[in-house]
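**Student:** This is the structure, below, for whatever I ask next.
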Amino acid sequence: MTGATRVLVLNSGSSSVKYQLLDMRDEARLAVGLVERIGERTARLTHTPADGRRRERELPVPDHGAALRLAAEELAADGRGLDSPELAVVGHRVVHGGQSFTEPTLVDDAVLAEIERLVPLAPLHNPANLAGIRTARALNPDVPQVAVFDTAFHTTMPEHAARYAIDVATADRHRIRRYGFHGTSHAYVSRRAAALLGRDPSEVNVIVLHLGNGASASAVAGGRCVDTSMGLTPLEGLVMGTRSGDLDPAVVFHLARVAGMPVDEIDALLNKRSGLLGLCGDNDMREIARRMAAGDPAARLAFDVYAYRLRKYLGAYVAVLGRVDAVAFTAGVGENSTEVRAAAVAGLSGLGIEIDERLNSAAAKGPRLISPEYARVAVAVVPTDEELEIATQAFALARPR
Ligand SMILES: Nc1ncnc2c1ncn2[C@@H]1O[C@H](COP(=O)(O)OP(=O)(O)O)[C@@H](O)[C@H]1O
Ligand SMILES: CC(=O)OP(=O)(O)O
Ligand SMILES: [Mg+2]
């Protein structure tokens, strides 16, 4: 491999920026960083270069542009700033690509304008992603920027899965349909699950359970997504750390009419104060497991609601796929919580889905099977790596051919 081989990956959330600098020759991480609490009185930056000597700073960071300039300063202090000739491309996670973007895309002014046009569909995420792209461009106008969309992998969903059963004209006018998110992770993990079975992705049907702070399930048939649990926004579907997931839409009318809540307050309630946090006051699954072990009934209920929703989606996606070869657990909770994995598949042996308790609780890293050998469906733990996937896609697009 000749020429520049480094990729900077930016993942801008609503109040944080995560970044990684990778060298694509060996996929080594040259730096990993996080700026959190952007816009609050003091933000915190954590930067860990390849030597593992972590640096931390607390300071006010007003917006995402300022966060990226700070990250660039830290990288420059390592001799790896955005002006380095080794930098091949900057890859950006962009949450909402609507129906416009089905693949990673080299950013130009038209692409920026289209991401801007999608802001009403993702008011918390897309502005942060845009700020990241604009700032990276300003810091080095010569380095290509590639946008990798959370929604892209789900654009293969058939119309009957993507449509809500509402008036078609209204839906179309306002671009209301099911888009799905976490696509980079679902794509990566479904491919890795196929590899774990020693099969080509085109030959296998996989259910992926991405369980982080945000959580979503997807049904992947022969490498293509056919359904996913998030919808117009990342609020639909599974119970999450702070989001309710599925509920009767009439709950919203009820809160407005009977409780007198303004729409922004309902939005905040369902997105930020619901899910596990709303049910028991904690959104960290480790804490919930600890409280549950100590006999705390609220934590128990939160866990049961979470696991029950997961089980329902598993059953639904067995029906969607007809034949399932693998179920893959991923992200913070999926990779680490033996309790959640066990509860999610409890009672599903009739569907061929079961796990081996010893394998499930073994302390292991990396992709691994946790189902008994005789089981019809392979159940696996497959660590996700959205940053590596974004870097790989961005590098492939930006490399001179
Ligand atoms: N050892 C663990 N056991 C159970 N849950 C864990 C463990 N480690 C992390 N988690 C959970 O993972 C979640 C965060 O997942 P992560 O994929 O990092 O989230 P995101 O990227 O969406 O912010 C938290 O709820 C945390 O409690
Ligand atoms: C889209 C989404 O839900 O992302 P996250 O899990 O990072 O909040
Ligand atoms: Mg994550």
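Note that Cβ sites are derived from N, Cα and C of the backbone, with glycine treated the same way.
Copied straight from TrEMBL:
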{"type": "ACT_SITE", "residues": "Asp150", "note": "active site, proton donor/acceptor"}
{"type": "BINDING", "residues": "Asn11, Glu386", "note": "Mg(2+) binding site"}
{"type": "BINDING", "residues": "Lys18, His210, Leu211, Gly212, Asn213, Gly214, Asp284, Met285, Arg286, Gly332, Val333, Gly334, Glu335, Asn336", "note": "ATP binding site"}
{"type": "BINDING", "residues": "Arg93", "note": "substrate binding site"}
{"type": "COMPBIAS", "residues": "50-61", "note": "compositional bias 'Basic and acidic residues'"}
{"type": "REGION", "residues": "43-62", "note": "region 'Disordered'"}
{"type": "SITE", "residues": "His182", "note": "site 'Transition state stabilizer'"}
{"type": "SITE", "residues": "Arg243", "note": "site 'Transition state stabilizer'"}
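Can you tell me where each of these features sits in the structure?
**Tutor:** A simple way to gauge crowding: the CB of Asp150 (active site, proton donor/acceptor) has 27 other CB atoms within 10 angstroms, across all the protein chains here. According to DSSP, Asp150 (active site, proton donor/acceptor) is assigned to coil rather than to any helix or strand.
In the structure as shown, the Cβ atom of Glu386 (Mg(2+) binding site) sits within 10 Å of 24 other Cβ atoms. DSSP gives Glu386 (Mg(2+) binding site) a helix state.
The Cβ of Lys18 (ATP binding site) lies under 8 Å from the Cβ of Leu10, Asn11, Ser12, Gly33, Leu34, Glu387, each of which sits 6+ residues away along the same chain.
Arg93 (substrate binding site) is surrounded by 23 other CB atoms, counting those within 10 A of its CB over all protein chains shown. For the recorded site, Arg93 (substrate binding site), the DSSP three-state label reads strand.
Taken residue by residue, the compositional bias 'Basic and acidic residues' (50-61) breaks down under DSSP into 0 helix, 5 strand, 7 coil.
Neighbours of His182 (site 'Transition state stabilizer'), defined as other CB atoms within 10 A of its CB across all chains, total 29.
Residues near Arg243 (site 'Transition state stabilizer') in space but far in sequence (CB under 8 A, at least 6 apart, same chain), listed by position: Gly214, Pro234, Leu235, Leu270, Asn271, Lys272, Ser274, Gly275. Taken residue by residue with DSSP, Arg243 (site 'Transition state stabilizer') is part of neither helix nor strand, so it is coil.
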**Student:** I need the CA-to-CA distance for His182 (site 'Transition state stabilizer') versus Asp150 (active site, proton donor/acceptor), whole Å please.
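**Tutor:** So the alpha carbons of His182 (site 'Transition state stabilizer') and Asp150 (active site, proton donor/acceptor) sit roughly 5 Å from each other.
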**Student:** Validating a neighbour-count step here. Other CB atoms within 10 A of the CB of Arg286 (ATP binding site): how many?
**Tutor:** 12
**Student:** What is the interatomic distance between the Cα atoms of Leu211 (ATP binding site) and Asp150 (active site, proton donor/acceptor), given in whole Å?
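**Tutor:** One finds 15 Å between the Cα atoms of these residues.
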**Student:** Return the residues near Asn213 (ATP binding site), defined as same-chain residues 6+ apart in sequence whose C-beta is under 8 angstroms from its C-beta, sorted by sequence, else 'none'.
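**Tutor:** Looking at Cβ-Cβ distances below 8 Å from Asn213 (ATP binding site), excluding near sequence neighbours, one finds Met240, Gly241, Thr242, Asn283, Gly332.
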